[in-house]
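Noted in Swiss-Prot for the protein shown:
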ACT_SITE  ASP251  active site
BINDING   HIS17, HIS19, LYS103, ASP251  Zn(2+) 1 binding site
BINDING   HIS19, LEU20, ARG21, ASN45, HIS140, LEU223, HIS255, ALA267  substrate binding site
BINDING   LYS103, HIS140, HIS178  Zn(2+) 2 binding site
MOD_RES   LYS103  N6-carboxylysine
Amino acid sequence: MTAQPQTLKIRRPDDWHIHLRDDEMLSTVLPYTSEVFARAIVMPNLAQPITTVASAIAYRERILAAVPAGHKFTPLMTCYLTNSLDVKELTTGFEQGVFTAAKLYPANATTNSTHGVSDIPAIYPLFEQMQKIGMPLLIHGEVTDAAVDIFDREARFIDQILEPIRQKFPELKIVFEHITTKDAADYVLAGNRFLGATVTPQHLMFNRNHMLVGGIRPHLFCLPILKRSTHQQALRAAVASGSDRFFLGTDSAPHAKHRKESSCGCAGVFNAPAALPAYASVFEELNALQHLEAFCALNGPRFYGLPVNDDVVELVRTPFLQPEEIPLGNESVIPFLAGQTLNWSVKR
């Protein structure tokens, strides 16, 4: 029997999907990311979405101002696609190095997506330009038709929206974000180098039974919602396969405690504090630690055409206890796996 490794050294990872929010929430949650991750793709769905070069630059400056001393962190900004976005604004932002990618939210699919796109074929000219200049398209892959069951919205999105986009724009780089189903995993595995996907720790570790059996656990509620066990197992198999089309994207999405624990709670899991130990635990369970570094630190840069990070992080087999809550002014944020212990810690 092979001895269990006691340390893991990997290239410093990047987070290819995160919500950093703004103001006090930003300054509270950012250090948990900037301490471990070198770069992060920052979602643009603020209450006032990031749709212009100027607003992206201003938001980037607010993020950089909140990075603690001693942390080396680069936020990678994204443009929020709307029905009326000017193609020149998108192109200018990408060519100036302000926008790394553009984000497609179907209108009302998730938090702060009311400004999202209601008629996707109408913005095909944006996709055509993005394909031409090599700008990645990041997609929240769920249909929003009220007649479609919430557990079926990702699978339906593939057939109705994603496949037509890929057929029309075959060389458009697309990230199918936070995938949650066997349908999505199989679709990405069957794809080509222009299609990638991010996978969150919560969708690898849990399924809908964990959220709903024996009481509702609101801190596991996110969108896309956790699916049945068969889908969870398919995601685990996909990341364990070593395919270079899957990479780390936490979708860490903090909300104040009272906004999660309510009669109509917000969707989002704040997993940044435990993200890397959580992924390591999953890969170890799957006997796939040999693929951890690629998933966390190599596949994403390769897809985006960016250099890998020079420095390394070290994970050590030391119990890591997640706090029950994290102060947020007069309130608090409940982290993913609150009060639980993971087998791996990031060496500081």
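Positions of Cβ are set from backbone N, Cα and C atoms, glycine also.
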Check: min Cα-Cα distance from ARG21 (substrate binding site) over recorded positions LYS103, HIS178, ASP251 goes to ASP251
Cβ contacts within 10 Å for HIS140 (substrate binding site), all chains included, total 24
Neighbouring CB atoms within 10 angstroms of the CB of LYS103 (Zn(2+) 1 binding site), all protein chains considered, total 26
Check: min Cα-Cα distance from ASP251 (active site) over binding-site residues HIS17, ASN45, LYS103 goes to HIS17
Whole-Å Cα distance, HIS17 (Zn(2+) 1 binding site) to HIS178 (Zn(2+) 2 binding site), is 8
Of the binding-site residues listed (LEU20, LEU223, ALA267), the greatest number of other CB atoms within 10 A surrounds the CB of LEU20
A 10 Å Cα radius around LYS103 (Zn(2+) 1 binding site) captures, of the binding-site residues LEU20, HIS178, LEU223, HIS255, ALA267, exactly none
One residue among the recorded positions HIS17, HIS19, ASN45, HIS178, ASP251 has the fewest other C-beta atoms within 10 A of its C-beta, namely ASN45
